[in-house]
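What Swiss-Prot says about this one:
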ACT_SITE  His41  active site, proton donor
BINDING   34-41, 152-155, Val181, 189-192  ATP binding site
BINDING   Gln65, Gln158  (R)-pantoate binding site
BINDING   Gln65  beta-alanine binding site
Amino acid sequence: MSRSPLIARTVPALRRAADNLRKRKATIALVPTMGALHDGHVSLVRLAKRRASRVVVSIFVNPTQFAPTEDFGAYPRTWKADIAKLAAEDVDIVWHPGVEAMYPEGFATRIVPEGPALAGLEDRFRPHFFGGVATVVGKLFTQCRPDFAIFGEKDFQQLRVVTQMARDLDLGVKVIGSRTVRERDGLAMSSRNVYLSPQERQTATTLYRAMKDSAGRIRAGEAIASAMARGAATIKAAGFVLDYFEARHAETLAQVTSRKDGPLRILVAAKLGTTRLIDNIAV
């Protein structure tokens, strides 16, 4: 039988609840989300439960990672459905702050990540994004003080940036990546998929097919540049506006020219209509 999670809306309330768990020798896993939860998020919660004895899920649509032209105001907010999903998974605490709790009046500090994970992918097209992500995740880590934090591999560059930040700042949190959950036709689950029209939803599967085709060609010995050019052409022909479609080193995100350069990851970002989709797969 599921139970309702404790809902914390202020930092002191969250810390009291988390401290009470620690007093009982609990280990804590944090699952940061922006809400609009789907089965991909549920998979993160289930991984968190396997890694720790107690689970905290944060729901906060973070304004600092959106540019003025992006979809902060329109981002789906489904609070009642989210809580029902989390209760069904026996989540212990839901951290649901308002903007004023995360960024009170006078807030003036920002974490700006640098280094190899800033590899000219999302950071090239959304230069504001990772500063906003690093700042809010850094705050979530210091507010909750979890032992583990679970992030989806769908946002692969974000996973690398957050892992680097936690290590560099000695935050004492082990960041764990969770495999991307897909629809039956291969589309990566995303809260933004609700923006797609029925026709766009059918077309959106092109991203996964193009990645799989390019990955297969690379494994078969085709030159990376050739295989990636084929995939990019397929995506554009389907009607996408392509931001990037690249093969990178899976650990460092450095550019590669040969399979011998190390384990590879194909990453893509493209806009279909008004909806921007991102995805990635291992080669």
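Yeah, the Cβs are placed from backbone N, Cα and C, and that goes for glycine too.
Where Swiss-Prot records a feature, it is marked here on the structure.
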| residue | record | Cβ contacts under 8 Å, 6 or more apart |
| --- | --- | --- |
| Met34 | ATP binding site | Ile59, Phe60, Val61, Asn62, Tyr75, Ser191 |
| Leu37 | ATP binding site | Thr78, Ala81, Asp82, Lys85, Leu86, Ser191 |
| Gly40 | ATP binding site | Gly152, Lys154, Thr180, Val181, Ala188, Met189, Ser190 |
| His41 | active site, proton donor | Val31, Thr33, Lys85 |
| Gln65 | (R)-pantoate binding site | His128, Phe129, Phe130, Gly131, Gly132, Val133, Val136 |
| Glu153 | ATP binding site | Leu159, Gly177, Ser178, Arg179, Thr180, Asn280 |
| Gln158 | (R)-pantoate binding site | Glu122, Phe130, Val133, Phe151 |
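DSSP classifies Met34 (ATP binding site) as coil under the three-state reduction. The secondary structure of Gln158 ((R)-pantoate binding site), as reduced to three states from DSSP, is helical.
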